[in-house]
Amino acid sequence: MSDNDELQQIAHLRREYTKGGLRRRDLPAEPLTLFERWLSQACDAKLADPTAMVVATVDEHGQPYQRIVLLKHYDEKGMVFYTNLGSRKAHQIENNPRVSLLFPWHTLERQVMVIGKAERLSTLEVMKYFHSRPRDSQIGAWVSKQSSRISARGILESKFLELKQKFQQGEVPLPSFWGGFRVSLEQIEFWQGGEHRLHDRFLYQRENDAWKIDRLAP
């Protein structure tokens, strides 16, 4: 069998989804109620990084980019993550705040997609979270000029040790280039895998002060 033949075998990789369906009658009026339930179940199932989510942005040319970050807070105002403000994603958000989030809970045969606008968090919110992080993580935030090219990992490690020595006394200050974003909740889609590829998809879409719920074809 040639290498090409082996690669083509991926076309046959599939399985049935058997974890159960999602029915309209079981949906709460508020999407965050269902999100909280699903997130809790993802945590109870001991999934690796259940709060990991894909953040999709686009640059000024319309080129999409994706990366995984961790959800750090959520409420009716939106979903929060933190990042280096000099990063590619931060620059792209400043240029175009419309983003999409995706929670890929494969083991539970579920995914949740969020569409909304990202806005910068206040310095007070950022500082409160920053000082709740492990000390080494705080120092790590100072080390990297995110998305810039570097010649070797050793540069980062040396910088970390240098800053660890510098900040050994007292609190680690909040870097001016480190912050967070809150993504508003305009649309939230819940996907549950189904047998015979008849998946269940429900879209919550905000209309004024209420949520409209539609079932989508798989």
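Cβ coordinates are placed from backbone N, Cα and C, and glycine is handled just like the others.
Per Swiss-Prot, substrate binding site is recorded for Arg14, Arg15, Glu16, Tyr17, Lys72, Tyr129, Arg133, Ser137, Arg197, Leu198, His199. For 67-72, 82-83, 88-89, Gln111, 146-147, Trp191, Arg201, the entry in Swiss-Prot reads FMN binding site.
Location within the structure of each feature annotated in Swiss-Prot.
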{"residue": "Arg14", "record": "substrate binding site", "DSSP class": "coil"}
{"residue": "Arg67", "record": "FMN binding site", "DSSP class": "strand"}
{"residue": "Tyr82", "record": "FMN binding site", "DSSP class": "strand"}
{"residue": "Arg88", "record": "FMN binding site", "DSSP class": "helix"}
{"residue": "Gln111", "record": "FMN binding site", "DSSP class": "strand"}
{"residue": "Arg133", "record": "substrate binding site", "DSSP class": "coil"}
{"residue": "Arg197", "record": "substrate binding site", "DSSP class": "helix"}
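His199 (substrate binding site) sits 34 Å from Arg88 (FMN binding site), taking the C-alpha atoms as the reference points. Closest to Leu71 (FMN binding site) in space, going by CA atoms and restricting to the binding-site residues Arg14, Arg133, Arg197, is Arg133. It is 8 Å from the Cα atom of Tyr82 (FMN binding site) to that of Lys72 (substrate binding site). Sequence-distant neighbours of Gln111 (FMN binding site) (same chain, six or more apart, CB under 8 Å from its CB) are Leu102, Phe103, Pro104, Trp105, Trp191, listed in sequence order.
Among the binding-site residues listed here, namely Arg67, Val69, Arg88, Arg201, Val69 has its C-alpha nearest to that of Arg133 (substrate binding site).
Here the binding-site residues are Arg197, His199; the one with the fewest Cβ atoms within 10 Å of its Cβ is Arg197.
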